[in-house]
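All remarks here apply to the structure that follows.
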């Protein structure tokens, strides 16, 4: 190629900064190790080269390089993570394992698949028989009335075909000492915690308290966020099912809008901090005229504003479809003093209903600027109909991989960690890191630009 | 950790072997270059750092390392690919572009989305107006009766919601000189070819002939394989939709089997050379008792054979579900002399119907070994019902990314190439390499082991 | 049988009260008649006995008799209706027909199928070529900005696969004289009006004005009510699709409720005057704990009230699902003075949001009676997602039958009438009668009792 | 109206021929009667007028009259049936009831709903606790290996959401004396038999043998025929679900055909004796070019034949879709001597695969008449994917009504009967009558003519 005189031999020499992964041996001495029971499992071929993963197996985080630029010294760009997978030696005797599984926070497609795969994996891969479901979220650990349910493969066989969580869930209820006391009291030595960012922060606290008490208990976190707002991992389970299911709501909004005079179909989709679902649903549907996400401010009035844009769109097409992520435009909605204080049970700031507000603002604008003309705004909030469905095939497989990776890591003695895909391969990541990582939509990126070419919406940057 | 004394600073020093990518300037002199029209596109921010991709931007192919092992000298493990994306300079004046799009071979979910996105992308990103659909596959280039149809965004707007290919397709019909003559005659200077492995081999020939004739024509290939049997790229479009849709057939087989006395539900799924669909559908469904794929030989009679296994399963559960990839067991089916010669129009070896054969063998076995007892075999071949559906949301986005990447590469003057995801990022890969790369299921890998833990089927290795 | 000494010859002798059906000849003299063009249509066999329906062909309305009771003298129980179907003589020369089709009011599955079938039927059965769609409801007749669109079979071919109405619709806009003037001005002599009860009352006015002006114009009404609240006819189109689609919302509510601590899933379904959708969806789903409909009053507090019932249900099962028709409990919701005056554009009384009110009342009750305990109420309003879907196969056929029956009747010179199923056979019914007929759920009937055996809910009759 | 001088008072005076319904008292003396337990059921209001149905309550079969024609003396046109519903007196003490439910023959959507509703209805309406499922069809009564399973409401709660039959089914296995011996031996006094026409003929034999032995056992038949080929009743359960699901196969065939060069999509649908599914699916889909049913002979070659028609259609549109009922064209397919003798286990004549034969004939025709031209025939047999789905909402309700009607009738002492809808109302019909009644598609009727206007296919009447 004319403009490139790179030679085909370039050394990129990254200094690998292997992320430290917490392990039971960090604070416990003389732990016994065991030969991985997979060694004698008829379905595996552990003698094959590459079957067992060792602590020196890593995944590079950075895989994109510009060969024309010398490797930068910033370490944070050159992280490597431990690879997920079975280890040759384990730190648990399966017959002594007592595992607890808990689901916290709102629903997300795939929760039951994760539970199912934890149960089936622990049981069939490692021969664990003492597996318990903690009902109703964090409070289920210590509230007397909630009986922990024993789980076994036959019981959970069809759970991946059900939406929601058979264990039940709740927001809040986090009480560190009661929880760790209960874990000790019940004799659990493996705890699998499925939940969102608040839940993951709680899991970090539990892990740290377990370390402080020097308990031989491994804590694993499985990020559950239908919004896909967790960083580091490629994506979270249930997200793709949610995008798929959101199409139904957008279709309905489109039909309603098209069938009306100056019809606006308004769909609110999940996404408090990030607009991933709105963005992906818009790209998949291609019937959306305007997509509003938290990462991209917008304004209603004036030149380049949403009213001007929708006015033109209605004039041209007679209808328009607007998709809004629930966290978008929060700064535009007037809040009462009380609303400024409200927080939900997980401690998240209380979100105002951007959909209801937009519907009302649209009507006011129209009545003011187009008196006597019809406007039809149909507002659809499909949240519960999206998040309560079972996982699709793609997410189901994802759930299997996450759950089995988690089990391998826990059996290998890792603790305070998360398993998840990094660049398409499964890695172990410190819980603390995941609990803090965000995953905003990059509005400078092509995907957001594509949304805008699909919608032709303005960039809402005031001139 | 006790067993690892790796330090956190390890140098892996790969010597990057950047894959050479064919470019029009390889054989044409003094080509004019143009500023990328995205520069003036309201939806993009080309001034942002990192917007344009340059020829020094690469994606590493190898991202898994064992830090305990010194970097090996094998070059093939250290390949890097050019990153896909818009270039600052293009080699085509949009007003002079005449693009052709052709679809070849069998149906696959997402074909229409790819066509749609090529049209919309060429038009809205680059301002190209001369875009034509070549009907009915390769023969459509040169057969008089097939009129090339002009395509434009409004026409293709809803095509992503339709299964199949609006352009129509056919197998075979490849005639190198007639095709290149027709391309020249019609004045096409960008040719986008969507098809399977046979089609890609044809595209390589077309590219080479174009080079030989020193024509200023860029040839791009978009691998279409519902089976996911193309190597190098992470996966092919339509595959996940196919896995999703296959669940319906497996469910039906499961219901039929459960409702019968000694019921066997037998489902044949696509996959001539690879069992990816069978494997993923089995993992997603978890209702399958035996999954047969081309990569793993099996046998029927005797100890450890399928009859023994199914006999036990029927005894235990009263029913069983078998999923078989169409390419599995081909070596077991008796062929007549004529059948040994038969090839399909794309030149592929003619496959025998493993489903029909298995159904018949199962009945013979049962009548022989369990005379007087009932057996019910229900055989489902859902192939056309799977491949004729529109792409799901996940595949739709994939199609957009592949098509837009292809356009950026072609506009940048690359030719004889494919765009596709490598480790989750979009890369440009030489057509020749893709046309030869296979993507078999790795039966030593955990996924296949998981299938076997799901099914508990034997490994069919004779003792 | 012991307790019955009825003989097998019983005469029930109903005096048939054949419903008078308006006809153009009622007020126009010397109208020309024509041989039905079906006579020469290759697809029909008009020479077969029974092909043509005559004005003496009737359908009995009453088909249930108690032989032990002498035939009662009440005439209203012995009505007979004219049968729908092609007549040997028609009153329109197809080449002189100019037909208008208009859709009014809210969306309902099947509207596009009805339009499609009117177009295809008029064109292919009778050879009519002048068929126009009046956009945007009644106002579309006379508002300048709305262009009447010519419709023909190829254009409408796929409309039955789309939700909504391609013609667009609106509420209100009824202006009798402007509409009839416009009909005259445009030269329409057949007008097909698709809409709800308000629309049907408007159609009666139009018909009467047409009679008053002695115009040779036939007016046909096609009742569109997703709620199934129109009397006389067996059921209305779109109803069964709505019941089907409502299952998704109930499933989601069930999943949300089951996955929560003291979870209540609350679903509001369409049905202002009648609870048919709520009732049928409850019977189909069988996951509902309480079904509230307009025909059956309920109360919240005290013995036998809903709070007591739900309290017990939560105690027993930990969750509950409530389905409420939008018209239920309207008398319980406090109204502001302003709300007491509000009416929608069709003149219907403005309905308050019973779902939002119930959600709020449930929370107040729980906080008051169970302080400190969790309650989770998830409220789903799937209205637009239900009514915007295309008709299912059953409704699609219904739409065909209604539309073709309408055409046959109009061609035969009937006017001011509706076609619809009576006891499973298609009849012609005077518009005035249909416009006034209600179809409440009979709460004394077995179906409502079955709902209560499914839900085990109280009958809310205060002791 | 000008041409009708009928007065509004016409007496049609039918002499009601009330169909005799077998009852236990026909051959047993001094049976004890009981007050219907519904009397004390909180969900019913038995004191309401009209709640209980008496043996004098009838449904008229004939509801269409031509007032111009004097009532004909033929009795068979004036049948009346006993109305279904609860009777004031019952002939069973619920605490002494031991009920058996059996499913025979092939699968049909809704079987599990019928079983569920029989169990729930017997239990919750009448307080019966001894309810058993006979597994695997008729042979399950007497074969040692099949254990009769006790059924109760909690167990069957979700069965309506599953396809197939949880009880399992089989063809054949009918052995009159073994079955009646087993019924006696097990102490069953109510037997509910769900199955097709062969099964119903078996049920007649069982009923007659029970009468011969003078046993106090009521035999009820519930016709299960996805083909809708049973006469007298309006339609059979599962039929509408099948029509709905068949759309998917037709869509796939349409996509395959459209995407090919001279593409023919060929779909075989259920229907051995009748083409109802093919007819309804064609009307719903409207994408079919030719619909072949058993009631309408067709031929391939020559003028007005199918080849000529398809040739024209391919020339015009480039593709065609053919739907064929499995019983169509049987007389055209060459049979070997062996095939002329083959019968299935239910004794039905073995049907040849009309789809495979047609596919092969189409190819021969094309190769002969259009040598060198492409033809693509894609043959889809979706049978098992259609019949294994759960019932849709419409069919679910139907199943409830049929099952509850059956229970009321059995409790009231009727035997040898079927419950089913006649003119939209539920009636009791003698088993013998139903076992013999056919329900062919009336090809002289408008529905078949509509199919032909949809498809524009010839009537295949040789000139």
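For all residues, glycine too, the Cβ spot is worked out from N, Cα and C.
The shown structure was predicted, so the numbers you read here are calculated from the model rather than taken from an experiment.
Annotated substrate-binding residues in TrEMBL are A:225, A:226, A:227, A:270, A:271, A:272, A:384, A:385, A:386, A:387, and among A:326, A:331, A:433 the one listed with them is A:326. Among the candidates A:106, A:265, A:275, the residue that TrEMBL names alongside A:171, A:172, A:196, A:197, A:198, A:199 for the ATP site is A:106. When Cβ atoms from all protein chains are considered, those within 10 Å of residue A:196 (ATP binding site) total 23, not counting its own. The binding-site residues A:271, A:326, A:385 include none with a CA atom within 10 A of the CA of residue A:106 (ATP binding site). For chain C, the nearby binding-site residues by a Cβ gap under 8 A, listed in sequence order, are A:385, drawn from A:171, A:198, A:271, A:385. Comparing Cα positions, residue A:225 (substrate binding site) lies closest to A:197 out of the binding-site residues A:171, A:197, A:198, A:199. Among the record's ATP binders, A:106, A:171, A:172, A:196, A:197, A:198, A:199, no two C-alpha atoms are more than 12 Å apart, and one pair sits at exactly that spread. Each residue contributes its Cα atom, and for residue A:326 (substrate binding site) and residue A:199 (ATP binding site) these two points are 20 Å apart.
Per-site Cβ counts within 10 Å over the binding-site residues A:172, A:198, A:271 peak at A:271.
In this structure, of the binding-site residues A:197, A:227, the smallest number of CB atoms within 10 A of the CB marks A:197.
Of all the binding-site residues listed here (A:196, A:197, A:198, A:199), A:196 has the Cα closest to the Cα of residue A:385 (substrate binding site). Between the alpha carbons (Cα) of residue A:196 (ATP binding site) and residue A:227 (substrate binding site) lies a span of roughly 10 Å.
Taking the Cα atom of each, residue A:271 (substrate binding site) and residue A:172 (ATP binding site) are about 19 angstrom apart.
The Cα atom of residue A:227 (substrate binding site) lies nearest to that of A:197, taking the binding-site residues A:171, A:172, A:197, A:198, A:199 as the candidates.
In this structure, residue A:172 (ATP binding site) belongs to neither helix nor strand by DSSP; it is coil. In this structure, the C-alpha atom of residue A:171 (ATP binding site) lies 16 angstrom from that of residue A:387 (substrate binding site).
Residue pairs drawn from A:225, A:226, A:227, A:270, A:271, A:272, A:326, A:384, A:385, A:386, A:387, the listed substrate binders, are separated by up to 17 Å at the Cα level.
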